[in-house]
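Swiss-Prot lists 1-11 with the feature topological domain 'Cytoplasmic', giving sequence analysis as the kind of evidence. Residues or ranges marked as transmembrane segment in Swiss-Prot (evidence: sequence analysis): 12-28. The feature coiled coil is assigned by Swiss-Prot to 24-51. Taken from Swiss-Prot, the feature topological domain 'Lumenal' applies to 29-356, supported by sequence analysis. Taken from Swiss-Prot, the feature adenosine 3',5'-bisphosphate binding site covers Lys83, Thr84, Ala85, Ser86, Thr87, Ser88, Arg164, Ser172, Tyr279, Ser285, Thr290, Lys293, and the record attributes it to similarity to another entry. Swiss-Prot lists His140, His142 with the feature active site, giving similarity to another entry as the kind of evidence. The feature disulfide bond is assigned by Swiss-Prot to Cys201-Cys209, Cys222-Cys228, with similarity to another entry given as support.
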Amino acid sequence: MGLLRIMMPPKLQLLAVLTFGVLMLFLENQIQNLEESREKLERAIARHEVREIEQRHSMDGSRQEIALDDDEDILIIYNRVPKTASTSFTNIAYDLCAKNKYHVLHINTTKNNPVMSLQDQVRFVKNVSSWREMKPGFYHGHVSFLDFTKFGVKKKPIYINVIRDPIERLVSYYYFLRFGDDYRPGLRRRKQGDKKTFDECVAAGGSDCAPEKLWLQIPFFCGHSSECWNVGSRWALDQAKYNLVNEYFLVGVTEELEDFIMLLEAALPRFFRGATELYRSGKKSHLRKTTEKKAPSKETTAKLQQSDIWKMENEFYEFALEQFQFVRAHAVREKDGELYVLAPNFFYEKIYPKSN
């Protein structure tokens with residue numbers, strides 16, 4: 001390259017640099033176009049598959065409505081928080097759906113926006129509640145909590161979720177935006193090319209690692225109210241806690257994902273029979289690993305922990321962890337380092353009137 005500079009006149013050197021720059025921009029644009037085309041094709045294929053399923057079940061469009069059995073009239077919604085091992089868990093649901101005879105559907109919102117418009121909320125609630133062909137159904141997507149009773153629905157879905165230590169989640173997301181993961185290693189990420197570590201970002205006061213970026217798990221559980229997305233809102237934290245206890249069937253933590261799966265299998269075998277063994281086999285456990293992730297320094301962690309936002313997100317995480325461990329303590333026992341689900345420990349007696 002040095003010899004080329006000596007031999008080439010300055011004007012030609014400038015022209016070569018400009019040509020190279022234009023070529024790189026062109027290639028990046030082509031890659032982006034290909035990615036958008038792939039996404040459009042995936043959506044078209046998904047719509048085609050849905051139409052085929054509906055036609056298969058329609059019976060000439062005049063089939064009489066027959067009440068579904070309780071085991072069939074079930075909807076699970078997993079409104080997954082980004083970077084909480086959600087892909088690992090969701091792929092277990094995909095692996096089991098054919099064997100356990102249920103449907104899995106991804107809720108694909110534009111640009112992964114967790115807040116739906118009011119009209120989309122109505123369409124979504126009406127659609128999943130009346131879509132008999134997709135029952136029993138397991139829906140998953142990066143969508144904040146939605147209260148179905150607000151729309152006059154008689155039967156609510158079963159909500160589940162997983163959350164993670166707030167700083168660990170943010171660090172994982174920071175590196176994911178830059179280096180991707182081993183699930184789709186060839187995909188170009190939004191911040192690709194930015195080599196700055198998380199520690200360097202915090203030291204420089206960068207926006208991608210600011211304490212405000214911690215504010216995610218609380219609004220996901222709080223829901224679609226405007227105050228939920230007001231960073232640092234005490235009302236949002238209280239509402240998120242209320243929903244976790246009253247609206248969610250079970251909320252696990254990433255750090256104890258196997259126990260979460262075990263409890264789901266024990267309580268909802270219609271969906272999760274075989275899930276624990278599948279997770280333990282290693283085929284899907286920790287499927288998606290963020291590339292080039294570096295643990296933050298003690299100084300970085302201490303700096304983030306000074307933030308009121310971290311204190312609130314951590315309070316919510318500790319609240320969820322305590323609730324999960326309470327549920328687990330009453331459902332399983334440990335023996336020789338292994339957890340075992342408790343057998344049923346109630347029965348009925350003194351039944352009156354006596355049958356003849």
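Just so you know, glycine gets a Cβ as well, placed from its N, Cα and C.
Annotated features, which come from Swiss-Prot, shown on the structure.
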{"residue": "Ala85", "record": "adenosine 3',5'-bisphosphate binding site", "DSSP class": "coil"}
{"residue": "His140", "record": "active site", "DSSP class": "strand"}
{"residue": "Arg164", "record": "adenosine 3',5'-bisphosphate binding site", "DSSP class": "coil"}
{"residue": "Cys201", "record": "disulfide bond", "DSSP class": "helix"}
{"residue": "Cys209", "record": "disulfide bond", "DSSP class": "helix"}
{"residue": "Cys222", "record": "disulfide bond", "DSSP class": "helix"}
{"residue": "Cys228", "record": "disulfide bond", "DSSP class": "helix"}
{"residue": "Tyr279", "record": "adenosine 3',5'-bisphosphate binding site", "DSSP class": "helix"}
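Rounded to a whole number, the distance between the Cα atoms of Lys83 (adenosine 3',5'-bisphosphate binding site) and His140 (active site) is 14 Å.
Around Cys209 (disulfide bond), the C-beta neighbours below 8 angstroms that are at least 6 residues distant in the chain are Leu170, Tyr174, Phe198, Cys201, Val202. Of all Cβ atoms in the shown protein chains, 18 besides its own fall within 10 Å of the Cβ of Cys201 (disulfide bond). Across the structure, Tyr279 (adenosine 3',5'-bisphosphate binding site) and Cys222 (disulfide bond) place their CA atoms 30 angstrom apart. Checked against Lys83 (adenosine 3',5'-bisphosphate binding site) by C-alpha proximity, the recorded positions His142, Cys222, Cys228 yield His142 as the nearest. Annotation for Arg164 (adenosine 3',5'-bisphosphate binding site): same-chain Cβ neighbours under 8 Å, separated by at least 6 residues, are Val81, Lys83, Thr84, Ala85, Ser172, Gln217, Val253, Thr254, Glu255, Tyr317.
Comparing His142 (active site) with Thr87 (adenosine 3',5'-bisphosphate binding site), their Cα atoms are 11 Å apart once rounded.
For the pair Cys222 (disulfide bond) and Thr87 (adenosine 3',5'-bisphosphate binding site), the Cα-Cα distance reads 22 Å.
Neighbour density for Lys83 (adenosine 3',5'-bisphosphate binding site): within 10 A of its CB lie 23 other CB atoms from the protein chains shown. Between the alpha carbons (Cα) of Thr87 (adenosine 3',5'-bisphosphate binding site) and Cys228 (disulfide bond) lies a span of roughly 25 Å.
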